[in-house]
Ligand code: ADP
């Protein structure tokens with residue numbers, strides 16, 4: 001938008017008409033003071049400023065405007081009838097103006113200048129846009145690099161912990177074998193097995209991440225009974241967490257066509273999180289239902305919950321809620337993999353949570369997931 005500032009109404013009207021005829025948006029002010037008020041409120045590309053005005057003159061207005069951040073990109077053309085001397089023109093430039101036109105105004109020249117300033121403005125606006133996009137990109141890549149470093153250090157630690165345990169149990173095993181203490185041998189073998197399972201899960205998750213990155217996560221879809229799958233998952237999770245009562249409500253009256261092992265992986269992830277992030281509680285509720293041609297599974301816990309502004313991030317790669325991360329082991333990739341599996345089945349994932357009260361993670365997929373969306 002262009003602002004014309006002139007104390008003579010006829011000048012204002014005639015200039016406005018010409019510029020509007022050339023499709024420029026025009027605003028007017030009949031004094032320096034009014035112009036300043038308008039510049040504070042609106043963003044102008046160009047100000048055409050009469051020099052001789054009662055009260056604030058054009059130079060004073062230009063000087064004041066040069067201090068406004070809103071008018072940083074605004075060009076100024078001074079219009080003057082009398083003061084065409086060099087000293088006035090110099091003053092016009094030094095107070096922030098970009099050009100100087102003497103009255104009577106040659107409309108063709110003025111239009112040419114206005115068009116040129118507009119083009120310059122558009123170009124510099126584009127440059128600023130490109131510059132800020134570049135800065136954003138640079139910042140993003142930094143951030144990504146830091147996240148990766150952080151992830152490698154957490155992943156190494158997470159892998160080392162079960163490995164060290166296994167090493168310890170194997171040493172203990174050696175001793176109990178020498179002593180011929182079979183019950184202790186069995187106990188240590190079981191413990192080592194548990195740690196190896198943990199290691200296996202971690203490595204499988206890491207492999208899944210690289211499969212997702214390289215587009216090699218493949219699905220093996222067939223018909224299966226989701227009710228039976230849920231019961232067996234509940235039994236397995238209950239065995240390793242006997243203090244938790246995992247209840248299931250709802251049912252799916254027909255078989256589901258999907259990748260059973262991958263769907264199991266998602267439900268196990270939701271369930272293990274529901275237990276991990278709910279210390280001191282003993283209840284987890286699973287609900288399954290059919291809505292139209294979709295099946296919905298939700299896992300509700302009564303644990304630590306998630307703050308509203310963090311809920312949208314939990315499905316992001318490597319994301320862990322910072323405030324609680326030190327209290328719970330994890331790599332921050334389980335939910336990312338789950339979301340990807342569900343998305344590739346044509347479904348959606350989500351979470352409802354109240355901080356301090358608990359969370360409900362859910363997903364829905366088509367009962368018959370035919371298409372694989374990438
Ligand atoms: P991990 O548990 O290994 O950190 P996930 O991808 O499974 O990774 O979860 C990402 C983050 O989401 C967790 O670090 C945790 O902050 C948060 N989160 C996941 N599940 C829950 C839950 N049931 N309750 C509270 N926070 C959760």
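Note that Cβ sites are derived from N, Cα and C of the backbone, with glycine treated the same way.
Within its own chain, the coiled coil (182-209) has Cβ neighbours under 8 Å at 155, 158-159, 162-163, 165-166, 169-170, 172-173, 176, 217, 317, 331, 333-334, 336-337, counting only residues six or more beyond its boundaries. What TrEMBL records for 182-209 is coiled coil.
Per TrEMBL, domain 'Response regulatory' is recorded for 1-118.
Look at TrEMBL and you will find 154-369 tagged as domain 'Histidine kinase'.
In the three-state DSSP assignment, the secondary structure recorded for residue 50 (4-aspartylphosphate) is strand. With a cut-off of 8 Å between CB atoms and residues at least 6 apart in sequence, the same chain places 5, 6, 7, 8, 11, 58, 78, 79, 80 near residue 50 (4-aspartylphosphate), listed in sequence order. The 4-aspartylphosphate annotation in TrEMBL covers 50.
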If you average pLDDT over the coiled coil (182-209), what do you get? 93
